[in-house]
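Have a look at the structure that comes next, please.
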């Protein structure tokens with residue numbers, strides 16, 4: 001900044017002290033009109049603090065930051081985050097209270113994300129205060145925020161009570177407990193969201209005397225946004241109270257919430273139901289939560305039914321073992337049967353993601369009699385996500401009833417979907433096939449589903465043929481190259497003689513997809529001869545796809561095949577009468593040459609090793625000289641690089 005007369009130059013030149021320059025530059029950039037410059041400056045605060053040293057950071061940098069908190073929310077958010085990591089930069093825990101003034105200001109700004117980040121940083125540095133400093137510096141800050149004129153400061157205070165309460169004196173604890181200025185919905189929301197956390201650090205007697213009354217008031221608030229947050233607090237409070245106190249102190253409020261007039265509150269109850277179930281114990285679950293869960297599964301709002309449906313398996317698992325099956329069969333299963341045919345697809349999808357898990361709870365006989373019909377109904381559902389959720393969890397049922405029973409019941413439905421007249425339905429089942437194959441095993445797949453997968457390769461819709469090709473690649477990755485060699489490859493190669501040229505092209509697409517998964521030996525000995533033979537095909541589309549395939553499978557082939565078989569065919573295709581065939585053949589040849597050029601440059605970068613290009617037989621010896629080899633062969637073992645085609 002030569003010749004500058006701004007604050008930076010003045011500050012650095014006032015007494016000839018260049019050490020002032022960093023803070024001066026910061027002031028300059030924080031006043032810049034460009035928000036990004038100001039943001040970059042804030043992100044460099046730790047560097048600037050290191051340059052200034054701990055004393056000047058405390059006496060100059062922090063006061064400046066406190067006085068200039070008026071910036072864009074993005075800048076303030078970055079500042080709030082930075083200050084949470086500043087303890088060592090101000091001199092360690094002994095001076096950590098110096099960070100409180102700027103963070104206090106940030107905790108009162110209007111933007112919620114800035115306040116939340118400031119509170120997060122305050123909670124972090126509160127742990128670095130000694131008990132004395134906590135009472136002298138931190139607790140007064142909390143009181144100032146709690147009694148502030150604006151709701152913004154009071155909402156921030158709600159997040160700080162729990163971190164300072166355990167470490168202050170009994171007198172200060174009493175003051176914190178009786179801070180209760182909840183005059184606006186925003187403050188009450190903040191109080192409800194932090195009530196459970198605060199209850200965990202209180203003595204049990206005060207939970208009963210102070211927290212329960214506040215919890216009851218918040219759970220009955222006129223704003224449903226407050227009431228739904230009180231449900232979260234209910235979980236924490238219930239875990240703290242003895243069993244004998246739950247019925248009188250918690251359950252009336254919980255019953256009220258489960259039947260609340262606002263669907264959002266009922267949704268929160270459904271979403272937290274498993275946690276509530278564990279908190280209140282088996283007896284209250286049997287008497288109170290089972291009927292409440294039934295009502296939530298039958299709720300008039302789809303969002304509530306979906307949230308409850310998502311908890312079916314977990315709820316059933318946590319029921320008391322002595323009467324679990326009886327409760328499920330009598331109270332839960334009738335509701336589940338209704339949800340299978342629900343009008344809302346999100347409800348059906350949520351149920352489909354967990355319903356299979358009931359089979360391990362109910363056992364073989366109940367699964368066959370009661371659950372299998374439901375699985376079949378969902379497997380035929382018009383919603384793809386429902387079908388996917390059923391198929392992706394088939395292993396749960398397989399463990400209970402066995403593969404034979406499963407095939408007799410579910411396989412016809414899968415086959416029906418696979419042969420559906422609508423191509424999008426066929427496409428959906430193809431996408432699930434690798435998952436299905438992995439769960440059912442290779443023997444079952446070969447017996448029941450292999451023919452189906454091969455039939456998709458000659459489907460009249462291109463999207464199906466393409467998806468079937470990808471499906472084969474995933475199956476080979478799952479079952480291995482040996483399985484592919486014996487089961488898949490012969491059938492794929494047999495399609496090369498199909499009268500329909502589209503099916504012949506599918507052979508090439510399959511070879512492209514399978515070559516890497518099958519490896520060099522299978523590709524070179526079985527697939528390559530078929531590709532080369534197809535270079536004489538009468539249809540130009542097939543011939544130019546041969547050129548593309550040779551370029552694709554080249555990296556998998558051995559050097560001898562590239563030299564003696566691939567290159568001559570590509571050169572022949574490069575002089576083909578069809579323009580497209582000629583173009584793609586030249587592209588493939590160019591790929592070989594480009595691969596060599598790249599490889600040669602890599603070879604020259606390793607002068608102390610022996611390198612070898614398997615395509616053009618260029619060898620580099622240990623002193624960096626290159627020469628042509630008459631026949632392709634590997635020279636040395638230190639570094640052998642294969643040309644990527």
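Glycine too: its Cβ is placed from the backbone N, Cα and C atoms.
Grabbed the feature section from TrEMBL, which reads as follows:
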- 22-60: repeat 'HEAT' (REPEAT)
- 99-137: repeat 'HEAT' (REPEAT)
- 211-249: repeat 'HEAT' (REPEAT)
- 250-288: repeat 'HEAT' (REPEAT)
- 289-326: repeat 'HEAT' (REPEAT)
- 332-370: repeat 'HEAT' (REPEAT)
- 371-409: repeat 'HEAT' (REPEAT)
- 410-448: repeat 'HEAT' (REPEAT)
- 488-526: repeat 'HEAT' (REPEAT)
- 527-565: repeat 'HEAT' (REPEAT)
Restricting to the same chain and to residues at least six past its boundaries, which positions have a Cβ under 8 Å from a Cβ of the repeat 'HEAT' (250-288)?
212, 215-216, 219-220, 224-225, 227-232, 234-235, 237-239, 241, 243, 295-296, 299-301, 303-304, 307-308, 311, 314-315, 318-320, 323, 327
In terms of Cβ proximity under 8 Å, which residues at least six beyond the ends of the repeat 'HEAT' (211-249) contact it?
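Beyond its ends, the repeat 'HEAT' (211-249) has Cβ neighbours at 180, 185, 188-189, 191-193, 195-200, 202, 204, 256-257, 260, 262, 264-265, 267-269, 272, 275-276, 279-281, 283-284.
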For the repeat 'HEAT' (289-326), what are the DSSP-based totals of helix, strand and coil residues?
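So the repeat 'HEAT' (289-326) is made up of 29 helix, 0 strand, 9 coil.
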Could you give the mean pLDDT over the repeat 'HEAT' (22-60), rounded to a whole number?
77
On the DSSP side of things, how many residues of the repeat 'HEAT' (488-526) fall into helix, strand and coil, could you say?
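Per DSSP, the residues of the repeat 'HEAT' (488-526) fall into 35 helix, 0 strand, 4 coil.
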What are the DSSP helix, strand and coil residue counts for the repeat 'HEAT' (211-249)?
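Helix, strand, coil within the repeat 'HEAT' (211-249): 33 helix, 0 strand, 6 coil.
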